[in-house]
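Have a look at the structure below before the remarks.
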Amino acid sequence: MIGNDRWVTEIETGPVTEARPDTNAREPGDRTPAAPPAATPAATTDQLPEDRYLNRELSWLEFNARVLALAADDSMPLLERAKFLAIFASNLDEFYMVRVAGLKRRDQMGLSALSADGLTPREQLGRIGEQTQRIASRHARVFRDSVLPALGEEGIYVVTWADLDQAEREQLSTYFHEQVFPVLTPLAVDPAHPFPFVSGLSLNLAVTVRQPEDGGQHFARVKVPDNVDRFVELGGTDTDGAEGAAVHRFLPVEELIAAFLPVLFPGMEIVEHHAFRITRNADFEVEEDRDEDLLQALERELARRRFGSPVRLEVADDMTEGMLELLLRELDVHPGDVIEVPGLLDLSSLWQIYGLDRPALKDRTFVPATHPAFAERETPKSIFATLREGDVLVHHPYYSFSTSVQRFIEQAAADPNVLAIKQTLYRTSGDSPIVRALIDAAEAGKQVVALVEIKARFDEQANIRWARALEQAGVHVAYGIVGLKTHCKTALVVRREGPVIRRYCHIGTGNYNSKTARLYEDVGLLTAAPDIGADLTDLFNSLTGYSRKLSYRNLLVAPHGIRAGIIERVEREVAAHLEHGPQAGKGHIRLKMNALVDEQVIDALYRASQVGVRIEVVVRGICALRPGAEGFSENITARSILGRFLEHSRILHFRAIDEFWIGSADMMHRNLDRRVEVMAQVKDPRLTAQLDDLFESALDPATRCWELGPDGQWTASPQEGRTVRDHQVSLMERHRSP
């Protein structure tokens with residue numbers, strides 16, 4: 001996990017794949033099971049132009065630019081704007097650690113395979129560098145020129161050393177000598193002291209000192225400690241802030257250290273000092289050997305991660321040319337990987353400012369409602385009794401996760417009639433009540449199976465800890481299938497009811513994480529349907545045993561079923577559209593997801609558009625599809641909704657064939673070829689009506705969003721002067737607890 005919040009947690013990272021001409025190409029030594037052949041297309045791709053795809057890396061940068069647009073929006077609560085500045089920064093860190101690192105590896109290996117839009121790895125790196133410099137500079141300016149002055153108007157100041165009076169400097173001198181100086185280690189560079197290792201994402205001061213005797217100059221590096229606050233608060237605040245709020249004055253800790261460099265280098269003259277920060281390659285893959293303990297292999301690779309090669313160097317834009325040249329040489333960084341920042345580096349630290357107790361400067365508190373099916377009554381029913389009466393669709397965070405999905409697992413753990421609980425865990429919270437319930441169930445003698453995905457990027461250490469805690473409690477812990485990540489969100493409860501064994505299920509789009517469930521928009525299906533129960537039984541058997549199950553009754557399961565299943569449904573939609581006549585306009589596909597990249601799925605949508613099927617895509621992040629282009633995508637629109645909550649659900653609707661699907665898979669190579677993913681059909685008309693309503697709200701012409709044009713540019717919509725509604729606010733008002 002990077003930063004204090006994974007608001008944009010799934011930033012579409014993963015191994016950089018060769019996209020053309022073989023979208024299923026694998027690297028030498030890759031033991032990932034081969035993906036099945038694609039469904040037979042209704043028409044050949046010869047009818048589609050070569051330039052039909054947008055670049056996925058540049059599309060991701062456009063997504064992060066939309067996050068930045070939220071920070072620049074002065075109609076947003078002020079501390080929420082600071083939060084989005086922090087999110088932008090941590091997003092970009094992760095993008096460089098994984099996506100850019102993967103492209104660099106391919107370039108260095110001489111792999112010349114083109115991306116789907118026809119660019120070599122080197123060409124993509126060049127464009128990424130140019131675009132990153134633009135948006136990183138804008139990011140710094142939004143903070144410096146807009147958010148920072150606005151914070152000052154509210155009595156929240158981020159000051160410089162020059163702004164301080166003598167009393168404040170004396171106060172900070174005491175703090176420095178007591179709290180900071182003991183943990184600083186100045187590292188000189190000379191023939192006896194090689195250039196020190198600089199850890200990834202650490203903030204550092206590059207210092208030049210001069211010897212008074214002979215004028216000789218030397219370089220030294222001082223690491224800014226990460227165990228002290230980035231922003232040091234000055235004491236003695238008053239209440240002269242807006243509406244009587246306390247005044248807060250903060251000094252960046254690197255400024256404090258810089259002010260006391262003479263203490264670190266006594267007897268030396270400080271010539272210059274500049275902040276810098278490097279990002280290292282974190283794009284490693286665990287070599288999975290059937291004869292080796294996966295936990296040990298992963299821990300070995302995690303230890304190596306911190307020593308990855310540098311992929312980005314961030315410097316203050318006033319760094320001297322000589323200092324920059326020294327850093328480039330010693331850190332072995334290409335000049336094209338330098339990002340010059342006009343202001344403070346590493347604004348992910350703004351989470352500290354966001355944490356101030358200033359509710360008037362934040363979004364209004366929202367308390368999720370309990371789903372009506374699970375509402376407390378005079379004689380409360382168990383969730384099992386409720387599900388026997390019919391399926392329930394929960395929409396988080398508008399409906400509470402803790403009183404629905406979490407309670408489902410907790411009731412199962414406490415119910416003496418429950419025989420077994422089986423669940424997948426991809427990312428979970430540090431004090432997870434779900435994991436606690438599984439441990440309680442195992443200690444009570446139930447059969448508990450947890451499929452823990454310990455390879456979930458940047459959450460590996462946390463998942464290893466939970467895996468060991470579960471094992472110690474007697475839970476049967478499995479790590480899935482060699483070569484695949486288990487990303488599906490599924491839970492199965494087996495319960496004895498008299499002479500009958502009944503299975504209860506949950507299939508969702510989001511993680512079993514009670515904290516992110518308050519921040520991420522997701523949907524989940526709770527059901528006692530026998531066919532889904534049988535399907536999940538087969539799925540868990542394949543994950544824990546040697547089953548080679550490839551087909552299911554009511555599920556689509558990757559890596560062998562989702563791509564082909566979706567393309568088949570697109571083609572059935574085309575057939576139904578043509579059967580009723582294009583004039584009837586019956587063909588209509590609506591898709592909501594985090595990312596749309598897979599070329600085979602995109603081509604199927606293009607072919608559907610060419611015969612008149614209307615296609616509406618709501619995509620939060622990457623979109624490689626080019627909508628609205630003459631000749632192949634005139635009938636396709638794509639929009640992106642960003643806001644208070646991370647839009648995370650994956651929902652598919654094929655109107656002519658009357659099918660709704662939800663699940664964990666985005667339309668990306670990694671999800672469809674290298675992960676275990678599950679999509680489930682929602683059949684109950686009561687629930688499909690809820691999904692239809694969700695689409696209607698998201699696709700309302702008045703909904704605030706960004707719309708994608710055929711040129712790859714995202715434009716804010718509706719245009720100024722038009723009526724605007726906020727999709728998420730509308731849903732909050734509808735679900736707000738009394």
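From the backbone N, Cα and C atoms, a Cβ is placed for every residue, glycine too.
As recorded in Swiss-Prot, the features of this protein are as follows:
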ACT_SITE  HIS487  active site, phosphohistidine intermediate
BINDING   ASN91, TYR520, ARG620, HIS648  ATP binding site
BINDING   ARG427, ARG457  Mg(2+) binding site
COMPBIAS  19-30  compositional bias 'Basic and acidic residues'
REGION    1-48  region 'Disordered'
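Considering only the binding-site residues ARG427, ARG457, TYR520, ARG620, HIS648, the residues lying within 10 A of HIS487 (active site, phosphohistidine intermediate) on a C-alpha to C-alpha basis are ARG427.
Straight-line distance linking the Cα atoms of TYR520 (ATP binding site) and ARG427 (Mg(2+) binding site), rounded to a whole number, equals 13 Å.
Cβ neighbour count for ARG620 (ATP binding site) (all protein chains, 10 Å cutoff from its Cβ): 24. When the Cα of ARG427 (Mg(2+) binding site) is compared against those of the binding-site residues ASN91, ARG620, HIS648, the shortest separation belongs to HIS648. Taking the binding-site residues ARG427, ARG457 in turn, the residue surrounded by the fewest other Cβ atoms inside 10 Å of its Cβ turns out to be ARG457. Each residue contributes its Cα atom, and for ARG457 (Mg(2+) binding site) and ASN91 (ATP binding site) those atoms are 14 Å apart. TYR520 (ATP binding site) is surrounded by 24 other CB atoms, counting those within 10 A of its CB over all protein chains shown. Following the DSSP three-state reduction, the secondary structure of ASN91 (ATP binding site) is helix. Farthest C-alpha pair in the ATP-binding residues ASN91, TYR520, ARG620, HIS648: 16 Å apart.
Note on HIS648 (ATP binding site): other Cβ atoms within 10 Å of its Cβ, all shown chains, come to 25.
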